[in-house]
Amino acid sequence: MTTPVVQARGIVKRYGHVTAIDHSDFELRPGEVLAVIGDNGAGKSSIVKAICGATIPDEGEILIEGKPVKFNSPIEAREMGIEIVYQNLALSPALSIADNMFTGREIRKEGWMGKYLRMLDKPAMEQFARDKLTELGLMTVQSIKQPVETLSGGQRQGVAVARAAAFATKFIIMDEPTAALGVKESRKVLELIQDVRARGIPIILISHNMPHVFEVADRIHIHRLGKRLCTIDPKDYTMSDAVAFMTGAKEPPAQDVA
Amino acid sequence: MSNTSTSAQKGQDFEKTLDQSDTKVASFEVKHHTLLERIQHLLHNNPTLVPVIVLIISLIAFGLIAGGKFFSAFNLSLILQQVSIIGILAAAQSLIILTAGIDLSVAAIMVLMSVVMGNLAVFSGVPSGIAIIIGLAGGVGAGVMNGWFITKVKLPPFITTLGTWSIFYALLLWLSGAQSIRGQDIDAEAPFLKFFGATFNLGGARITLSALLMIVVFVVLWYMLNKTAWGRHVYAIGDDKEAADMSGIRTDRTLLSVYGLAGFVCALAGWASIGRVGSISPQSFYEGNLDSITAVVIGGISLFGGRGSIMGALFGALIVGVFRSGLRLSGVDVLWQVFAIGWLIIIAVAIDQWIRRVSA
Ligand SMILES: Nc1ncnc2c1ncn2[C@@H]1O[C@H](COP(=O)(O)OP(=O)(O)O)[C@@H](O)[C@H]1O
Ligand SMILES: [Mg+2]
């Protein structure tokens with residue numbers, strides 16, 4: 001078997017009296033879309049944040065492509081090519097699309113202007129942003145210099161996904177990317193997910209929306225009460241099975257079904 | 001203010017054709033905007049437009065009311081000279097307010113560092129250059145102290161700088177013994193401290209170096225805020241600190257650098273104030289904190305952070321100067337000058353609120 005992209009064992013994260021992650025395992029395989037489902041407060045966001053350095057787990061080990069890692073910040077994970085699209089997007093509304101795509105990894109001009117005056121290469125950044133949005137079929141915005149706050153919800157999601165897709169080399173985490181979107185905009189995001197997978201980049205998709213999950217996921221990780229309950233193959237189970245496992249209405253299959 | 005280079009122009013054309021090719025998916029809702037909505041959008045994209053228009057209108061109005069003496073080269077250069085110190089303080093204040101903070105200690109840092117420079121150079125025989133460097137470094141230290149309390153101890157900027165305002169003010173009273181350093185003593189011992197009081201002739205107007213320094217400070221900070229990654233981070237932090245954190249900005253480090261830089265600019269204002277005032281007085285610029293905030297607010301920089309151009313604060317400071325001078329030359333009592341500035345502040349904040357409500 002090929003080495004998993006992410007392998008986490010026995011992760012624990014406590015917030016005071018709340019145990020958000022309770023000795024949970026996690027596995028992401030090359031090239032797949034792994035859906036993570038579970039009730040509100042089950043700890044889905046917490047476990048993916050532990051994987052990308054946004055929170056530091058109290059216990060447990062994380063292997064990325066077989067190598068143990070200990071991230072102290074999301075910046076360190078990002079430097080390895082791990083990108084996350086947060087539930088609340090993490091965009092700066094008043095800044096432009098191009099500025100937002102490059103936040104924290106801006107391109108400086110070549111030569112002395114960049115070196116000594118630290119001048120940004122805005123044309124290069126704008127061109128890159130435009131190319132990436134075009135690639136993902138998102139170039140319906142009027143101008144790349146437009147502030148993000150003038151975009152619709154779906155377009156903002158598009159910018160956040162494009163940013164992740166543009167810089168991810170290992171994998172992308174998406175936390176409830178369709179939760180706030182309408183039907184049309186959700187479709188667009190699902191297409192984006194498939195586009196990204198087609199380029200060989202695996203995706204962790206947290207979602208509540210069973211039709212979406214069953215449409216795009218290769219495997220489903222069911223999270224319950226802070227830990228992985230089981231993983232299933234969406235071809236072998238129905239949506240109501242998945243909901244029954246996740247709410248505890250039905251006994252889960254053994255861990256290694258999928 | 002933004003530069004529309006040819007490549008960007010080409011880019012927009014390119015986007016236009018793309019728009020035509022693919023408008024089915026997630027396309028824009030085409031709304032018909034009323035004139036008022038268009039103005040709102042325009043101001044939203046160019047927040048400095050309001051202060052520029054106000055400045056131009058007030059220049060014309062006072063020119064008509066007060067006549068030729070207002071528009072004389074002498075009077076205009078006097079306005080520039082009078083606003084220079086508050087202008088530099090407003091530049092420092094803008095940096096802080098752009099991060100959604102506030103600094104009540106700017107004037108105290110300024111006066112404290114002018115006292116430090118004066119004490120060292122005039123009374124302790126330290127060479128002026130070194131005294132100035134120590135004063136400027138002290139400004140950085142004072143700013144970093146504010147920044148440390150705000151980022152590491154997680155105190156709100158308002159409370160932190162309210163506290164350090166008192167602390168710095170007490171220190172400067174102690175260091176100065178509540179006594180001014182007289183102009184003659186400075187001239188005799190350390191004339192270089194008065195460097196920024198020097199003037200040069202420009203088409204009949206006498207421009208002081210402090211006014212020139214103010215312009216240079218604004219241009220340099222404008223460059224840093226708009227053309228460097230650091231500047232983009234300052235805006236992102238003021239916009240939404242949590243989002244900035246999550247998108248990989250080292251927000252605490254950036255904030256610390258902002259407060260340190262603001263402290264440096266305040267100390268620079270302290271040096272310039274020695275030349276501008278002619279002496280070093282611990283009682284001077286007691287209202288400088290509020291005056292700097294006034295200039296920033298009138299300049300269209302949002303008190304909620306992340307919005308506005310630092311150049312707005314320059315125009316804000318100039319508007320205050322033009323109002324003071326114009327009303328005085330029109331023979332209006334000082335109390336009405338204060339009254340007018342008060343209304344300017346309230347109107348500026350109301351306009352900011354209105355602009356921020358812009359619909360997507
Ligand atoms: N930063 C935090 N501080 C305190 N409690 C938290 C924090 N983040 C998450 N929790 C708690 O941990 C549990 C799991 O939350 P979360 O991972 O957001 O769940 P999910 O994403 O599955 O809805 C919840 O009980 C939540 O209240
Ligand atoms: Mg969540």
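Heads up, the Cβ atoms here are built off N, Cα and C, so glycines get one too.
Curation plays no part in TrEMBL annotations; they are all automatic predictions.
Listed features, source TrEMBL:
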TRANSMEM  B:48-66  transmembrane segment
TRANSMEM  B:78-98  transmembrane segment
TRANSMEM  B:104-123  transmembrane segment
TRANSMEM  B:130-149  transmembrane segment
TRANSMEM  B:155-175  transmembrane segment
TRANSMEM  B:207-225  transmembrane segment
TRANSMEM  B:256-274  transmembrane segment
TRANSMEM  B:295-322  transmembrane segment
TRANSMEM  B:334-355  transmembrane segment
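Panel annotation: around the transmembrane segment (B:104-123), residues 85, 89, 92-93, 130-132, 134-136, 138-139, 142-143, 146, 158, 161-162, 164-165, 168-169, 171-172, 175-176, 181, 185-186, 189-190, 192-193, 262-263, 266-267, 269-271, 273-274, 280, 282, 284-289, 291-292 of the same chain, lying at least six beyond its termini, place a Cβ under 8 Å from a Cβ of the stretch. Of the two recorded stretches, the transmembrane segment (B:256-274) does not lie close to the transmembrane segment (B:155-175), with fewer than three CB pairs under 8 Å once pairs fewer than 6 apart in sequence are set aside. A contact between the transmembrane segment (B:155-175) and the transmembrane segment (B:207-225) is absent, since fewer than 3 of their C-beta pairs, 6 or more residues apart, lie under 8 Å. Among B:78-98, B:130-149, B:295-322, B:78-98 has the largest number of CB pairs under 8 A with the transmembrane segment (B:207-225).
Same-chain residues lying 6+ beyond the ends of the transmembrane segment (B:130-149) with a Cβ under 8 Å from its Cβ atoms: 103, 105, 109-110, 112-114, 116-118, 120-121, 155, 157, 160-161, 163-164, 168, 190, 192-193, 255-268, 270-271. The list of residues near the transmembrane segment (B:78-98) in space but at least 6 beyond its ends in sequence, with Cβ under 8 angstroms from a Cβ of it, reads 106-107, 110, 157, 207-208, 210-211, 213-214, 217-218, 221, 225, 234-235, 238, 258-259, 261-263, 265-266, 268-269, 272-273, 276, 285, 288, 291-293, 295-296, 299, 301-303, 305-306, 308, 310, 312-314, 316-318, 320-322, 324-325.
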